[in-house]
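Record features, source Swiss-Prot:
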BINDING   11, 12, 13, 14, 15, 16, 17, 18  ATP binding site
BINDING   99, 133  [4Fe-4S] cluster binding site
MOD_RES   102  ADP-ribosylarginine
């Protein structure tokens, strides 16, 4: 286990976290690294592009079929994908029943006890980040993931989620070794997105590791259940993911203890960048619109 780097990709649902992480890990394996992916998102889509398949059976689903986790063997839950990347999905309960984070806790314990972490250079956790509840915070809380990479964009809710995740990291940074490795901006083509991402990273005492430009080739690859690295290895977008992988690979020991900001500070930052309008601006726009309508009548 010495030399093992345990990283985690956090981010709000729908931000492109699983796509970004799988493309980055596919690029990382090309750097000669042995990788284990542990999917910690109830959607169980953290390994699909690596396996070139539909979502794999999850630890919780298989445990329910067999009776309990103790009845499972490692080969039941571990699948081998692109260039021998090992893949596991923890899964979650049926919607509205139980805690989705429970699958994360159960899976990580099972994998550790059964030797899944042996002979790998990286363990990567792909974690839902809209809420940093006990279960989803488990890779942070139990000092499993030492480097957290937050996938975000210039959209307000993505920024809000990134700040929330930073709060979760801060909570456990002093009791364990967890650090914020940096922010990854998955471009949504919003106003001043790069500037805003760099500004938030600075406010969080971190850095923007990479700005991933938007490219339709990502969707083309996804439709074929492939990463861009596999589908179009010579494309410009594949080069972006390789650059991101190299930055993460060279970022060992560079993580920081984050300094999250308040909701008011986040809103002020958006106002400074002209992303959010003040009440006065909105009122003035409304009055101008009403005046225009009155003239037209």
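Glycine is no exception: its Cβ is also placed from the backbone N, Cα and C atoms.
Since the structure is predicted, the reported quantities are computational estimates derived from the model, not experimental observations.
On the structure: features taken from Swiss-Prot.
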{"residue": "14", "record": "ATP binding site", "contacts (Cβ under 8 Å, 6+ apart)": "none"}
{"residue": "15", "record": "ATP binding site", "contacts (Cβ under 8 Å, 6+ apart)": "151, 152, 153, 158, 161, 186"}
{"residue": "16", "record": "ATP binding site", "contacts (Cβ under 8 Å, 6+ apart)": "151, 186, 218"}
{"residue": "18", "record": "ATP binding site", "contacts (Cβ under 8 Å, 6+ apart)": "9, 39, 41, 43, 45, 46, 48, 49, 126"}
Candidates 11, 13 (binding-site residues); min other-Cβ count within 10 Å returns 13
Quick tally, other C-beta within 10 angstroms, 12, 17; top of the binding-site residues is 17
